[in-house]
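S.K.: What follows is a single structure, and I will ask about it in a moment.
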Amino acid sequence: MTRQADGASAGSDPTSSRLPSRVAQLLSALFYGTCSFLIVLVNKALLTTYGFPSPIVLGVGQMAATIMILYVSKLNKIIHFPDFDKKIPVKLFPLPLLYIGNHISGLSSTSRLSLPMFTVLRKFTIPLTLLLETIILGKQYSLNIIVSVFAIVLGAVIAAGSDLAFNLEGYIFVFLNDIFTAANGVYTKQKMDPKELGKYGVLFYNACFMIIPTLILSVSTGDLQQATEFNQWKNVLFILQFLLSCFLGFLLMYSTVLCSYYNSALTTAVVGAVKNVSIAYIGMVVGGDYIFSVSNFIGLNICMAGGLRYSFLTLSSQLKPKQPVDEENIPPDLKS
């Protein structure tokens with residue numbers, strides 16, 4: 001599917017690819033939701049159940065997997081992206097900084113919060129994305145969408161305000177993660193022009209530019225030393241889950257770009273909210289770190305209801321017939 005999409009976007013048949021198909025929109029959203037769901041569960045197991053102390057090293061592993069998979073695929077002509085030149089860093093900025101900030105803050109917050117609270121606080125990505133798309137991409141949204149966003153935020157505030165396992169450091173990391181995720185999604189949407197870097201080029205060069213600085217950060221903070229001294233490296237199940245996390249890290253980055261390409265950064269955030277519904281409720285019975293309270297539970301459900309309503313409004317608008325003012329579903333390279 002992706003190779004055909006790339007071929008169409010290259011301009012061989014512009015009339016056949018004027019708009020991305022509804023199937024591509026829905027499948028890319030489903031793919032992103034599935035990858036996002038799986039990686040949270042795997043990372044939670046690594047960082048909490050096994051007690052792996054080095055989230056930055058885990059991020060380095062995910063970047064390394066991304067570089068290797070994309071480079072081998074390019075060598076075998078499965079995919080295409082431009083060779084390096086001096087203009088690429090300028091074309092990408094500020095994506096590499098947002099990319100690494102998103103990685104580190106996300107992994108750090110996962111290890112410090114219960115799954116339900118992590119997924120609730122991640123809801124703040126949605127209003128931040130809406131705000132940034134309005135400012136940077138000039139998009140406008142209906143009152144129904146804004147009301148749904150308000151419900152999501154209200155539920156998150158109620159749930160977070162009564163969190164009996166309050167962890168200030170975890171809250172700071174997750175709010176930073178929200179900011180980086182929103183900014184990364186919006187700027188990725190802006191820079192995915194196939195005539196420039198394309199989807200794969202954005203992924204590959206982001207990882208290339210940031211893996212060395214991240215490794216240096218890991219060494220300077222002692223994160224790498226803690227990883228090398230970790231006592232589970234002889235545990236086959238731990239190693240398999242670590243490698244699975246690295247691979248899922250690549251799939252998550254790719255599926256995020258794909259979903260934003262066929263839909264929008266805001267739709268990608270919405271799909272993440274729907275995915276979080278299942279994660280939050282699973283986390284209440286799995287993981288052992290959720291502390292029940294009535295107000296917390298009510299807040300969770302308000303947040304989830306707002307997320308579902310938001311998702312319904314956004315996804316239903318995608319299924320409407322073509323409208324002259326509906327540009328959300330048009331890839332950047334076809335808007336000219």
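Placement of Cβ uses the backbone N, Cα and C atoms for every residue, glycine included.
Automated prediction, rather than curation, is the source of TrEMBL annotations.
Remember, predicted model here, so these are calculated numbers, not experimental data.
Straight out of TrEMBL:
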TRANSMEM  26-46  transmembrane segment
DOMAIN    27-311  domain 'Sugar phosphate transporter'
TRANSMEM  52-72  transmembrane segment
TRANSMEM  141-162  transmembrane segment
TRANSMEM  168-188  transmembrane segment
TRANSMEM  200-221  transmembrane segment
TRANSMEM  233-254  transmembrane segment
TRANSMEM  261-284  transmembrane segment
TRANSMEM  290-312  transmembrane segment
S.K.: Looking only at the recorded stretches 26-46, 141-162, 168-188, 233-254, 290-312, which one has the largest tally of CB-CB distances under 8 Å to the transmembrane segment (52-72)?
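M.R.: Against the transmembrane segment (52-72), the leading stretch is 233-254.
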S.K.: Is the number of Cβ-Cβ pairs under 8 Å between the transmembrane segment (26-46) and the transmembrane segment (233-254) three or more, considering only pairs separated by 6 or more positions?
M.R.: yes
S.K.: Thinking of Cβ pairs under 8 Å, which stretch from 141-162, 168-188, 233-254, 290-312 has the most of them with the transmembrane segment (200-221)?
M.R.: 233-254
S.K.: I'd like to know if the transmembrane segment (233-254) touches the transmembrane segment (141-162) in this structure, counting it as a touch only when three or more C-beta pairs sit under 8 Å and are separated by 6 or more positions.
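M.R.: The answer is no, given that the two segments have fewer than 3 Cβ pairs within the 8 Å cut-off.
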